[in-house]
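I have placed the structure first, in the form of structure tokens, so that the comments after it can refer back to it.
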């Protein structure tokens, strides 16, 4: 049977095409890499590479090992990380955060003991739920519920998406306007991809329109800062994020025609369901809901 180090060499050769470069990438001397390659072929009693000049080309047997290595190595690294986490008596709990990075509002309501146990990991909006499923994080806060046997999903509070603009924006002094009118202004969003239960899906699409110009900034904190400096951009944001903004020149407009409900959930892996930090994060979120 081959060792992990052998599969690492196979992947490195595939990436760099030469034994010399693969050895360098792994921190090995070329003779050490050569010996390791010979060890692979000796253990398996078959050749896995064909040498063509300075390049090594995989034979079918090598291709099969490479395919296995690409599955095996990420899995082993992930398991090792989880083993380290589980083996630590003061293990941290990992919080996955996406574009709604206004988590500082939540942190101020957490006990110091819980605050000190949190690792906060940033992901793109489209990868947040996948990070949870892959066990890269222990819990997330999202507007789309997840219902699987390995994860618990709890409703935190009902919220709404509101038109959010600079208080000097022309729409702020316009009495009546349509979604189509909003779409004429440059739109600022944290994700061009249509997210379930968010503005493109539940506000623009039902009205058969979309913004003519879209700018992306993968951070609600950054979006709020841009809005505070720009009098033309528009966006739709969660009421709690917009109304708790530190920028006093940002305003939200509510109207049945261009506002929409949304609900916030905490979704966490069953392995952390008894961690006090989960209950304390929920309590902090509920406090935010009460002061909106």
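Along the chain as shown, residues are numbered 1 onward.
The backbone N, Cα and C atoms fix where each Cβ goes, and this holds for glycine too.
Owing to the predicted nature of the structure, the values given are computational and were not obtained by experimental measurement.
Per TrEMBL, the feature domain 'HTH lysR-type' maps to 2-59.
The predicted model assigns the domain 'HTH lysR-type' (2-59) a mean pLDDT of 89. Helix, strand and coil residue tallies for the domain 'HTH lysR-type' (2-59), in that order: 36 helix, 8 strand, 14 coil [DSSP].
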